[in-house]
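J.: I have a structure here, written as structure tokens, and I will follow up with some questions on it.
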Amino acid sequence: MSAPATERDAVGVFSPGRARILARTLRRDRWWLAPLLTIAGLAAFVIYATIRSFVRTAYYSAEYHYLSPFYSPCLSESCVPGASHFGTPFPELPMWIPLAFLSLPFLLGFRLTCYYYRKAYYRSVWLSPPACAVAEPHSRYTGETRLPLIIQNSHRYFFYAAVIISVINTYDAVIAFHGADGGFGFGLGNVILVGNVLLLWTYTISCHSCRHVTGGRLKHFSKHPVRYRIWTQVSKLNTRHMQFAWITLGTLVLTDFYIMLVASDTISDLRFVG
Ligand code: FES
């Protein structure tokens, strides 16, 4: 709850020169709906992903080589046989360490520092501000100039890590084309895995840092036609970055959930070949 406007410092929307409006907002529409839906969606994903990342059950289908993205790469001796596509260089891990301990912190960092998610949780969680023409409850604004928010500037490094993890997810999807008898095969799980990977790539490539990598720091586009062309395509994807951010949260959950159902023998994989 914000302090009464008359008791607040003369900062932000109460700065000298701004209209002296005592009401928090004059908006009559349901401006609170978007922040509410955003926080509900983000919370649902965080709860689901946290639970699934720690439970260590039904994350790998040995029959079809489906590995949940929440467990990739699985690099420890705690992983079930077959789930470690890159070996097991790490020993058994206690239950409080997720098996994908190497990738999850980077993926979390990538999403947390993402320009779109910043907008989403600055508005929905910190209400800073919650919507256009709605005064924020905070009396001070320091932006991303000091800890902890200055860490947001590390997004470009998380981008490089996310590219590597997308390559790993791609490898997981490719070697999942595996039949029950050991040869080639594919089923609905492969369609879901490949679809998830393609969308993860789309989300990653549509990143603002990718725009900078492909077309940044150039003085003359005309002297770099290839980079200009790539930058143009990345920029087109970038206009849909918010949609990809949400879609990939959904496909990650869908992929994990489907593999959980198959790996736990709750349902059988719908097989097309093998
Ligand atoms: Fe969203 Fe980089 S992933 S801006």
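Cβ coordinates come from backbone N, Cα and C, glycine included.
Automatic, uncurated: that is what TrEMBL annotation is.
These came from TrEMBL, pasted as-is:
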{"type": "TRANSMEM", "residues": "31-51", "note": "transmembrane segment"}
{"type": "TRANSMEM", "residues": "95-117", "note": "transmembrane segment"}
{"type": "TRANSMEM", "residues": "157-177", "note": "transmembrane segment"}
{"type": "TRANSMEM", "residues": "183-203", "note": "transmembrane segment"}
{"type": "TRANSMEM", "residues": "244-263", "note": "transmembrane segment"}
J.: So, taking each listed stretch (31-51, 95-117, 157-177, 183-203) in turn and counting its Cβ pairs to the transmembrane segment (244-263) that are under 8 angstroms, which one gives the highest count?
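T.: Highest pair count goes to 183-203.
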J.: Report, as numbers and ranges, every residue of the chain located at least six residues beyond the transmembrane segment (157-177) whose Cβ falls under 8 Å of a Cβ in that stretch; write 'none' if there are none.
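T.: Distant Cβ neighbours of the transmembrane segment (157-177) are 64-67, 69, 72-73, 85-86, 103, 106-107, 109-110, 113, 184-186, 189-190, 193-194, 196-197, 200-201, 204, 207, 209-210, 213.
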